[in-house]
Every structure is written in C-alpha cells, then in structure tokens.
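Engineer: According to TrEMBL, the record shows the following:
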type	residues	note
DOMAIN	41-128	domain 'Phosphagen kinase N-terminal'
DOMAIN	156-387	domain 'Phosphagen kinase C-terminal'
BINDING	159-163, 318-322, 346-351	ATP binding site
Amino acid sequence: MWKREKMWMIKPPTEHPKESKYRPVLESLLPRDPMSKFNLKRSSPKDEFPNLDRNCTLMGRILDLHMYTRQFNRATESGVIFDDIIRPGLEDPGQSIGPKAVGCLAGDAQSYILFCDFFDRIIESYHGYKVTTDTVQESDFNYDNLKGGDDFDQAYALSCEVTVSRSIEDYSFPTHCSRGERRQLLTLAKTALEQLAEDLPGKLYSIDELSHESEDRGVVMDAPPSSLIKIGVARDWPDARALWLSKDGTLAVWVNMEDHLKLVSYRSDACLQEAFKTICVNVLKMEAVYNKRRHPFIWKPHLGWVISSPAEVGTGLRASVTVKLLHLAENKRIDDILDRLRLQMEATSCPGVYKISNLQTIGFNEVGLTQLVVDGVQLLIRMEKRLENNSGIDDLVPTQK
C-alpha cells in the first residue's frame, strides 16, 4: 500500500552551538572500552596470575599480583590484553646467568600508554632510565658528529654491525598483527625499498627464496629461528616476510620479523663509522618515503622511536663490534668495567672472541650511543694489550659514564 512520506512532520534536531563546539571533547571523556567487546572466559586476576617461580626475566621480577590486577581488565583498541604482553616471557622464561631478558613485548603502540606503569618499570630496570612525560627523547642522525670508529686495531677488532628497528603507525606489532596487516606492511616496504634502490641497488627476497642457497647472497633460512617461535612472531610463517640486500653488501633490511623493519649494516673491516653512516643515510630515506605515503614511523616524545621490545625503545639502535679479548674477558673486574662503560658483552662461537654493544637504547641519541661503543671498544682493546704484557689496568678503569 502506497504511503506518502510526511517529511514535513520530521523535525530536525535542535543544535546547541556550545554542544557542537565541544562535542569532540565530550566524546573523548567517554572512551570506548575495548574489553566490553570481548567475552573472555577468565577467572579472577588471582586465579589467572601466572607462575613466575622460575622466571628469570625482568617481567618475572617486576610483576606481582597487585600490578597484574590493575592491568587485568584493560585492552588496547586493536585488542591487546595484558596477558598478550607478558606471554613471550612465559614461553621463554630466560636464564639465571647472563644478561636479563625483558620477558615482554608490546602488541601495538598503544600498549606502552595503556600499560605504562608496567612498561615504564621494565624500561627503568633494563636501561637505568626513568621515563617521565617532561623529558623528550632526542634523535640525531648526523653521522659527521661521530668521532672515531674507523681506526680500531685490526688485530683485535674483527667486524662490526649497526642495526636500527622501526615500527609503522596504524599497524599492530608482529606478535599481534593480522595476516592482512602483515601483507600491507610488505607492500609498503616494497615501495620504500624500490626508491631506496635508486641510489643503492639491491634486491628483495621472499623467505621462500631464502630457503635454498644462491651465489648472489649468503643468507639461507629454512625455518623460523627458535627465538621467533617462542615469542609468537613466527605465526603464518613465511607469509609476507622478506629480506632486501644491497648489491654491495653494505645494507640488509628485514621486513616483518621481530619488528616491521630492521636495517642492518655489517662490515668485515670493523669500520663502525661507515656502518653507522650507512644506517643513518638509509633510515632517513625510508622515513621520507613512509611519511609521503602517510604511514610514518612511530614516535612518542617521552619514548622516542617505539618498537615492540622495551629493550630497544628510544633509538631502536644497536651498534656492536666483534673483538678478541682473550685476557680481559677472564679479568675479575670485567663486569664492573662494562657497567661503567654502559656496554654489554656476548660470547661468540669462537673462544676469546666477544661482541661488544650498547646495552641502553634510550636516554641518548643515535650518535651518543654509537660514541659510547667507539670509546668503550678503544678502551677495552687498550686494557687487553696491557694484560698481554702482564701489566695492570686499574688506572684505565673509567668512572661511571
């Protein structure tokens, strides 16, 4: 039956000028609760609290029932809950000896805000740096400001590597992202790497292509590393994972591994200055491409460059030099010396050879962190030479940097 629309009877809503003006503010005071969208079959926080008796990570040391209860009913807009944050540390509880692992990973950038009282304590414990809202993390990619790094004694310094990680705005991190997100990130990376190749020729390889040996590259990857499996990053392997290699071998870019992007510059001549320059030049070029496509790298003033692991927030940068330290590594003061230099030492597969790198990634800019490694390695080599001649090193031990 035909009905006439009585449009004249429909009154428009009354508009109040002030309400219209302040509507965004009023709506922000009533944020959506993502947890209300879930129907999780969970008991009380006390019943769900994990067993941390043999957990050797920083998460296991910091987390208690009171903190767990405060985080229990929170979720980010993309659906990350606190159990997702701490799961890597439960799957891989760490070791009682050696450097402490953080034992947690953010699922997205909002995780650092929503679970800030947990992450801030992790960052303070790992880096010795207190996160405050009135402190801004600095960034400096002017490689000309780096002093030295090109004159290590080749008899001791064997090789070097500089890496920097980045995450992309509006995408979840690898532990939480969907297949669609991961594929979109690969598409973005292909565009950026194509433009990067205009000045630095290279080729993008899928993980499938890396499963067999080839003359044009020295990387073979048959299966995901066990470390990625434990922390939940290897889901849907090898879908949308890739590696870009420059033809001259100075730069590699991993896509969708521990982070959205990881740039690596390795040099067999231990010239840290050139490796750092390669990273600075190319990360800025990639940043410009991502900004142009309106998908910038994630930056928070108080945290700096935000990535999935709180062990690398701030700069996302690791500078390392592989050094022969047969005598110094056995010295009783080595741990104290490394603490004073703000460095860490990892054993390699070769006896007496160690990888020296910056432990802290926040509180310094990129040049400052790399300078710590340059100065520290120079000093460690001097100490090694002293010990070879049966001389003392007490006068070379620095004050706390």
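Keep in mind that glycine also has a Cβ here, set from the backbone N, Cα and C atoms.
Because TrEMBL annotations are produced automatically, they should be read as predictions rather than curated entries.
Keep in mind that what you see is a predicted model, and the values were worked out from it rather than measured.
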Engineer: If you count, for each of the binding-site residues Ala319, Val321, Cys350, the other Cβ atoms lying within 10 Å of its Cβ, which residue has the minimum?
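Structural biologist: Among the binding-site residues Ala319, Val321, Cys350, the sparsest Cβ neighbourhood within 10 Å belongs to Cys350.
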Engineer: Fewest other C-beta atoms within 10 angstroms of its own C-beta: which of the binding-site residues Glu161, Glu346 fits that?
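Structural biologist: Taking Glu161, Glu346 as the binding-site residues, the minimal 10 Å Cβ count falls on Glu346.
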Engineer: Thr163, Thr348: which of these binding-site residues has the sparsest Cβ neighbourhood within 10 Å?
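Structural biologist: Minimum Cβ neighbour count within 10 Å, taken over the binding-site residues Thr163, Thr348, occurs at Thr348.
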Engineer: Suppose you look only at the domain 'Phosphagen kinase C-terminal' (156-387); what would the mean pLDDT be?
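Structural biologist: 92, rounded to a whole number.
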Engineer: Under 8 Å Cβ to Cβ from Ser159 (ATP binding site), same chain, six or more residues apart: give me those in sequence order, or none if nothing qualifies.
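Structural biologist: Same-chain residues close to Ser159 (ATP binding site) (Cβ under 8 Å, separated by 6 or more) are Tyr266, Arg267, Ser268, Asp269, Ala270, Val321, Thr322.
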Engineer: For the domain 'Phosphagen kinase N-terminal' (41-128), what are the DSSP-based totals of helix, strand and coil residues?
Structural biologist: 42 helix, 2 strand, 44 coil
